[in-house]
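Here is what Swiss-Prot says about this protein:
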ACT_SITE  Asp13  active site, nucleophile
ACT_SITE  Asp15  active site, proton donor/acceptor
BINDING   Asp13, Asp15, Asp208  Mg(2+) 1 binding site
BINDING   Arg22, Arg124, Arg135, Arg142, Ser180, Asp182  alpha-D-mannose 1-phosphate binding site
BINDING   Tyr220, Thr225  Mg(2+) 2 binding site
Amino acid sequence: MAARKPGLIALFDVDGTLTAPRKEVTPEMLKFMKELRKVVTVGVVGGSDLVKISEQLGKTVTTDYDYCFSENGLVAHKDGKLIGTQSLKSFLGDEKLKEFINFTLHYIADLDIPIKRGTFIEFRSGMLNVSPIGRDCSQEERDEFEKYDKVHKIRQTMVSVLREKFAHLNLTFSIGGQISFDVFPQGWDKTYCLRYLEEFNEIHFFGDKTYKGGNDHEIYESERTVGHTVTSPEDTVKQCSEQFLGKDNGSS
């Protein structure tokens, strides 16, 4: 077995990189990652919380990889142990949070859109997820809202109002998925996890949403990483085989 190269880590996005979007990881990918860990240190970084990442990558995710960063690294595990947490509540404080949430709920209440359901704001430890239609809608309703939003720009308009109103809080607004957008302090994107990787001088990051506006963009562009854009889990395996295992995995 080849020895691990010191100072080198391969860091992976989850959705669209290690798994198909919102799907569970395949046994083949788990086996490949196990092989990869023999030659390089391996970490995963996802925007979702640990519960959702565990649903996709398995319950032993914090020990299957050397590093596991959930919520972009706001919750950080190394070798299965929790090494750091940061929360929106402690960062902003309850008064500012309440001001933002109250304004947002009033805005949604006055919004004239075809349907509304429930759970308009989901409070996560590192971000707020805001959905004008409400996260309790069905898949069919999601699809309909996405089409409606493309025409009427509901989310885009809402974000520009909130950005102006709460400019003093230095928040980042990231529109993603079909029905919602995320709100978090500036710098709390995936580059946040890099503070835990000071010992590595070569950080290879693999992600699918590396374009401007995508949630892999900042870490892909960071001067601390070597960025790789992938198109699917199969492409991830192919690129890693060539990069780290010295073989072409295209003909399997």
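From the backbone N, Cα and C atoms, a Cβ is placed for every residue, glycine too.
Owing to the predicted nature of the structure, the values given are computational and were not obtained by experimental measurement.
Comparing CA positions across the binding-site residues Arg124, Arg135, Asp182, Asp208, Tyr220, the one lying closest to the residue listed as 'active site, nucleophile' turns out to be Asp208. Here Asp15 (active site, proton donor/acceptor) is compared against the binding-site residues Arg124, Arg135, Asp182, and the shortest C-alpha distance is to Asp182. In this view, Arg142 (alpha-D-mannose 1-phosphate binding site) is surrounded by 17 other Cβ atoms within 10 Å of its Cβ, with every protein chain counted. Counting only residues at least six positions away in the same chain, the Cβ atoms of Asp49, Glu71, Leu88 sit under 8 Å from the Cβ of Arg124 (alpha-D-mannose 1-phosphate binding site). Of the candidate binding-site residues, Asp208, Tyr220, Thr225, the one lying closest to Arg135 (alpha-D-mannose 1-phosphate binding site) when CA atoms are compared is Asp208. In this structure, the C-alpha atom of Tyr220 (Mg(2+) 2 binding site) lies 10 angstrom from that of Asp208 (Mg(2+) 1 binding site).
Cβ contacts within 10 Å of Ser180 (alpha-D-mannose 1-phosphate binding site), excluding its own Cβ and spanning all protein chains shown: 24. Under the DSSP three-state reduction, the residue listed as 'active site, nucleophile' is assigned to coil, being neither helix nor strand. Pairwise Cα distances among Arg22, Arg124, Arg135, Arg142, Ser180, Asp182, which the record gives as the binders of alpha-D-mannose 1-phosphate, peak at 21 Å. A straight line from the CA of Asp182 (alpha-D-mannose 1-phosphate binding site) to the CA of Asp208 (Mg(2+) 1 binding site) spans 18 Å.
Taking CA atoms as the reference points, Arg22 (alpha-D-mannose 1-phosphate binding site) and Asp208 (Mg(2+) 1 binding site) are 13 Å apart.
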